[in-house]
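Written below as structure tokens is the structure these notes are about.
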Amino acid sequence: RNDSLDEDEYTPFYGLVCFIWAILFLRFWERQENELAYQWGTFALTAYERQKYFAKRVDFHGYVRVSPVTGELETYFPNFRRRVRYLVSAAVTVAMLATAFTVMILSLNLQGYIRPQTNPQRWHADNTHPFHFPKLAELAEEGNMFDMNSAWRSFIPPVIHVACIFTLNNIYRMIAEHLTTYENHETELSHSNSLILKRFLFEAFDCYIALFYLAFYERDVSRLRGELVTVFQIDTIRRLLLECLIPAVLVWMRTGRFWVPNTHGKAKQEEPPTLDDIIKEADMDPYEQFDDYMEICIQIGYTTLFASAYPLASLVSIVANWIEIRSDAFKLAACCQRPVPFRASGLGMWRTLLSTLIWMSALTNCLLAGFTSDQLMHYLPSFYLRDQTGFSDLGHEKGWVLVFVIFGLERFMLVVGLLLYNIIPQVPESLLDKIERRQFVRTQEAEQLKNEERQKRQKKKKL
């Protein structure tokens, strides 16, 4: 029909489909987590087991006092002092976020995305654009250094922006580690959760802030799509190069070839590793699973938060993840040390972050369909006004009704998501049967022991 993405009346439904898929993915992943936790013996860790496996950090310090609970000596660090350190961490993080926001504004000016002249009703002499820098924006004009109409020069600012994001993330990674250590967490679990939260907030802000700005401040879906396509695809290519090319080069430098033979067969597994094998593995780099988790979380945000703006992101993610699965397997087998096992019952903080992104996508996709683009205008044309420049806005008399409709759709999506999320049980029925069977066997064994003890006591009395 020669319709564009925004002119097609079925585009908003893709956001709904993507949201439902994400909810189902989250629920079925939790079910898979529980099955694996039961299989690996971590399904229901007691408080004692958590204290045992999530023991105190070696670097935890404080003063020695008599525990009011156990009456024994313990190392204690007051909570109010840690809260003061939280404020210091928050202040440093806000300063870094302000730096990332400044870089984003400069990048959008270089790309020609901030152009007040395209919306004269909103930006004029009495109401100037607060983030427009004319000298930088001129570089994106036709014939200049970063010509936005050029086939290759228009890609230079996004590449620079992605490089800046990567650099800022590496800088904040070191800052976050120092801040988390400064907070002096008692257990490894709380230390890890705090570090994950800091790094995710910064990296998510760094990756998404330009998209949220174009979507909900500029309200320009075409520029949003252009920025999303370039940043998402450049970041995907960067990930594949780092995950595929660099590990292959490292193997080539160490062994003289880009691949290693398969040594994980049954015969090889039965043979104990030699001293040379242990020395070679000790010289390898440790496996950093943190970055792999972070990349997947950021990718899910791209595909769900802005689903109706760039539906092709899901397909790109499937292809990229399929390649990365094999590259990660190659990296684990040939380039890195074996990961240190850590008892856990699930993803922990990562699952909380994934859940937050998925539930937020209901709001962002409804706002994209109703406020940012013309997708909802196909169904409610009388609620919109379009000026001579082609910019559409909410009707002044019926605008409040449209706002009610948009947020009503968001609530409808949340209700559907909650119904699906709660209808599907978190623990599979087959797993519940195994748990009940295990509890029944334990009860029977306990009764049998009691009966044996009772019989022994009766025999002693007779004697």
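Yeah, the Cβs are placed from backbone N, Cα and C, and that goes for glycine too.
TrEMBL does not curate its annotations; it predicts them automatically.
Residues annotated as domain 'Anoctamin transmembrane' in TrEMBL: 7-438.
Annotation comment: TrEMBL describes 12-29 (among others) as transmembrane segment. Away from its own ends, the transmembrane segment (12-29) comes close to residues 300, 303-304, 307-308, 311, 314, 351, 354-355, 358, 361-362, 365-366, 368-369, 375-376, 413, 416-417, 420-421, 424, 426 of its chain (Cβ-Cβ under 8 Å, at least six residues beyond either end).
The transmembrane segment annotation in TrEMBL covers 86-108 (among others). Long-range contacts of the transmembrane segment (86-108) within the same chain, counting only residues at least 6 positions beyond its ends with a Cβ under 8 Å from a Cβ of the stretch, are 114, 131, 133, 136, 157-158, 160-161, 164-165, 168, 171-172, 175, 179-180, 182-183, 198, 201-202, 205-206, 209-210, 213-214, 227.
The transmembrane segment annotation in TrEMBL covers 155-175 (among others). Cβ atoms under 8 Å from those of the transmembrane segment (155-175) belong to residues 92, 96, 99-100, 103-104, 107, 110-111, 140, 145-146, 198-199, 202-203, 206-207, 210, 227, 230-231, 234-235, 238 of the same chain, restricted to positions at least 6 beyond its ends.
With a cut-off of 8 Å between Cβ atoms, the residues of this chain six or more beyond the transmembrane segment (352-371) that come close are 11-12, 15-16, 18-19, 22-23, 25-26, 196-197, 200, 215-216, 219, 221, 297, 300-301, 304-309, 394, 402, 405-407, 409-410, 413-414, 417. The transmembrane segment feature in TrEMBL is assigned to 352-371 (among others).
Annotated transmembrane segment per TrEMBL: 400-424 (among others), in sequence order.
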